[in-house]
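A.B. asks: Below, the features straight out of TrEMBL:
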type     : residues : note
TRANSMEM : 12-36    : transmembrane segment
TRANSMEM : 42-65    : transmembrane segment
TRANSMEM : 77-94    : transmembrane segment
TRANSMEM : 100-120  : transmembrane segment
TRANSMEM : 141-162  : transmembrane segment
TRANSMEM : 168-192  : transmembrane segment
TRANSMEM : 204-225  : transmembrane segment
TRANSMEM : 245-263  : transmembrane segment
TRANSMEM : 275-307  : transmembrane segment
TRANSMEM : 327-354  : transmembrane segment
TRANSMEM : 361-380  : transmembrane segment
Amino acid sequence: MSYRDLATRPALTWSAVSVGARMPVAMAPLALVFLARERPGGYTLGAVLAAAFVLGEIVGAPVLGMRLRAERARAQLAAGLAGGAVGFAGLGVLPGAHPAVLVAFALLAGGAPAASAGGLRTLLTELVPERAAAQALSAESMLMSGVWALSPAAVAGLALGVAPEVPLLLGAALMAASVAGLWLLPAAWGVGGAERTEGSRARVLAGAWPVYVTGAASLTMLGLAELTLPALLEQRGIGVGWSGPLLAAMAVAAGLGAFVYGLRNWPGLLRTRGLVLTTAMAACVTLVALATHPVAVGAALCAGGMFQAGATVTRNLALRDALPPGALAAGYSVMYAAAGAGYAATGSLAGLLLKVMAPSSAVLAGVVLILLLSVVGWAGEAHRAGRSAHGGAVVAGAAGGVPVPPERTAISRRRDAQGGL
């Protein structure tokens, strides 16, 4: 297994399509703030528009992801991305419209393409050999780290240097281009297991709840540090202007961490590996809360970013093991929504804690809570794995036995073949 397995025309085409689909999403929250800031009550309206966009994502990802069908993947992804392009275009063309109209466009821009992340990730793993799945997911993480690192600077430069609506118009153009790019990729992914999971899709997805919990916990751990970083810097007497460079360095470190993760096959069970990485990330965030020098804060953030990248790839691999192929795109979408909801909840938690305690104490309290959630998710994964290992054909439930999908056995064999992951 090697990154050389990804150096193919389909994989490179996928990368271009993915950037077109995801960069508008990374640009949107800040772009919406710039769009509204010159209106009366502009920052409040900008926050409302950004919240509407995120709400659209959180609701749209599971709702639309559940409806993704492998045999109609291209058409469904294209429809969602086209709807998102319309939403971005509406915001950019009508910046002075009534706030209700702007909120509607923001909801459309966030919700319509929300299932594309899961669908494109599933498509990527179909474009590469099975042995290169970890490298493919690591490469995706590197690509997205670059997108999220570049987006704030691009938005600020275009909004301040050209016009506030230009970032949103660029987002519309990128998303529309990604729709066209889909026709250079396969129209569908493997459908062998899809038909067998149609009637039980919701139950199958619900069975992977521990992966969603641990995934959301690991993704929101550093989110807590990001959201409280300005207050932390002020508490330590460090200039708030350090926030931008420190977060940019963290994004670059996350890309490096994803690259390193994909260089080899790491030992240990996926669930244990994920817990170790999340615990290491918690230690880094704790150091962020306690550090008194900007260099120390930056080093802790960068180390945390590297561990987070590894934890993210581990969670994606764990979800591949937990779900049959026909439900994988929907599972990725549900995990995307869980991470978004967790990030939003983290923001609310941080706001509440900052009212009653110092920023450093708020971060430490949040770390303890998120780490507890990680342990709960790990225990759930261990219980599910132990139940499957005993070879029962039914799963005990409140309503009686339910047959285990036949794909699960094949997935377990695949996991064992990958070296005890």
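In case you wondered, yes, glycine gets a Cβ from its N, Cα and C as well.
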A.B. asks: Under an 8 Å Cβ to Cβ limit, what residues of the same chain, 6 or more beyond the ends of the transmembrane segment (275-307), are close to it?
C.D. replies: 214, 217-218, 221-222, 224-225, 229, 232-233, 236, 238, 242, 245-247, 249-254, 256-257, 260, 268, 314, 359-361, 363-364, 367, 370-371, 374-375, 378
A.B. asks: So which of 204-225, 245-263, 327-354 has the most C-beta pairs under 8 Å when paired with the transmembrane segment (100-120)?
C.D. replies: 327-354
A.B. asks: May I ask for the residues of the chain that lie six or more residues beyond the transmembrane segment (204-225) and have a Cβ under 8 Å from a Cβ within it?
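C.D. replies: Residues packing against the transmembrane segment (204-225) from afar: 66, 197, 232, 250, 271, 274-275, 277-278, 281-282, 285, 288-289, 301, 304-305, 308, 311-312, 315, 318-319, 322-324, 327, 330-331, 334-335, 338-339, 341-343, 345-347, 349-350, 363, 366-367, 370-371, 373-374, 376-381, 383-384, 395, 405.
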A.B. asks: Take the transmembrane segment (327-354) and find every residue of the same chain, 6 or more past its ends, with a Cβ under 8 Å from one of its Cβ atoms.
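C.D. replies: Apart from its flanks, the transmembrane segment (327-354) reaches 54, 57-59, 61-62, 64-66, 68, 70, 73, 114-115, 117-119, 121-122, 189, 197, 201, 204-205, 208, 211-213, 215-217, 219-220, 223-224, 227-228, 231, 315-316, 319-320, 361-362, 365-366, 369-370.
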